[in-house]
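**Student:** Mind looking over this structure? Questions follow.
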Amino acid sequence: MLCLVVCCLIWLISALDGSCSEPPPVNNSVFVGKETEEQILGIYLCIKGYHLVGKKSLVFDPSKEWNSTLPECLLGHCPDPVLENGKINSSGPVNISGKIMFECNDGYILKGSNWSQCLEDHTWAPPLPICRSRDCEPPETPVHGYFEGETFTSGSVVTYYCEDGYHLVGTQKVQCSDGEWSPSYPTCESIQEPPKSAEQSALEKAILAFQESKDLCNATENFVRQLREGGITMEELKCSLEMKKTKLKSDILLNYHS
């Protein structure tokens with residue numbers, strides 16, 4: 001593997017201007033070169049048991065020089081910790097068993113442990129924390145619902161409502177606290193009519209039957225009154241209906257045989 005890396009590096013350097021200087025040596029490392037747009041990108045990889053401190057890549061530019069400060073491969077150091085939007089009480093490489101402390105900038109809250117230790121396998125434990133903004137992301141909008149509120153800074157409150165035909169399940173108001181909304185978001189569920197009891201259904205049927213009977217009585221009474229006002233007796237009405245019935249039958253027979 002080392003031979004392959006060296007051969008690759010020799011080929012890349014010879015492919016460019018012959019005046020290119022050799023990459024500066026870094027103890028306990030392997031150098032890998034890669035040609036990119038008439039330049040050589042060099043990367044230092046530390047051998048097992050060592051850890052890189054500094055910038056791992058160099059670029060050979062037209063000035064014929066390697067344009068970066070050399071890194072180091074040091075024994076027993078953990079990777080340089082990174083804490084965006086925060087501070088670490090360490091200004092250099094941390095040895096095995098060394099501890100560091102973390103603190104977030106104003107407006108941010110620490111998520112994770114406020115300390116970590118460098119282990120023998122060059123890892124950090126507990127894992128490195130992050131600094132999360134105390135402000136919140138826009139809250140979720142429930143299906144068939146919406147919220148009112150335009151600011152999502154820490155301490156802000158939004159209020160939830162549902163569309164017509166739906167009711168809110170959960171807390172109507174949620175508050176932004178240290179980058180998170182609490183309590184949990186509510187949901188909007190369809191309003192279901194409660195099932196009617198057997199007694200209520202029987203009562204409604206009885207009322208409907210009574211109304212129909214009442215309407216029938218009123219219609220009969222009106223019909224009889226109209227007969228009397230027209231001077232027509234029930235016998236005359238019956239005779240007239242029989243004649244119309246006979247005529248209707250004869251018309252049907254004539255149409256059938258024609």
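The chain as shown is numbered from 1 upward.
A Cβ is built for glycine as well, from the same backbone N, Cα and C atoms used for every other residue.
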**Student:** Can you tell which of Cys136, Cys176, Cys188 is bonded to Cys162 by a disulfide, based on Swiss-Prot?
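**Tutor:** According to Swiss-Prot, the disulfide partner of Cys162 among Cys136, Cys176, Cys188 is Cys188.
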**Student:** Just confirming the record: what cysteine out of Cys73, Cys78, Cys176 does Swiss-Prot connect to Cys118 via a disulfide?
**Tutor:** Cys78
**Student:** Have a look at Swiss-Prot and say which candidate in Cys73, Cys104, Cys176 forms the disulphide with Cys136.
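**Tutor:** Of the listed candidates, Swiss-Prot names Cys176 as the partner.
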**Student:** Distance check, please: Cα of Cys188 (disulfide bond) against Cα of Cys176 (disulfide bond), rounded to an integer number of angstrom.
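**Tutor:** Each residue's Cα considered, Cys188 (disulfide bond) and Cys176 (disulfide bond) end up 21 Å apart.
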**Student:** Filter the recorded positions Asn27, Asn95, Cys104, Cys131, Cys136, Cys162 down to those whose C-alpha lies within 10 angstroms of the C-alpha of Cys78 (disulfide bond); answer none if the list is empty.
**Tutor:** Asn95
**Student:** Name the residues of the same chain, 6+ apart in sequence, whose Cβ is under 8 Å from the Cβ of Cys104 (disulfide bond)?
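**Tutor:** Expected: Leu83, Asn85, Gly86, Lys87, Leu110, Cys131.
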**Student:** What Cα-Cα separation, expressed in whole Å, is found between Asn218 (N-linked glycosylation site) and Cys162 (disulfide bond)?
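**Tutor:** Asn218 (N-linked glycosylation site) and Cys162 (disulfide bond) have their Cα atoms 48 Å apart.
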**Student:** To the nearest whole angstrom, what is the C-alpha distance linking Asn95 (N-linked glycosylation site) and Cys118 (disulfide bond)?
**Tutor:** 7
**Student:** Within 10 Å of Asn27 (N-linked glycosylation site) (Cα to Cα), which of the recorded positions Cys46, Cys73, Asn114, Cys118, Cys136, Cys176 do you find?
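**Tutor:** Near Asn27 (N-linked glycosylation site), where near means Cα within 10 Å, the recorded positions are Cys46, Cys73.
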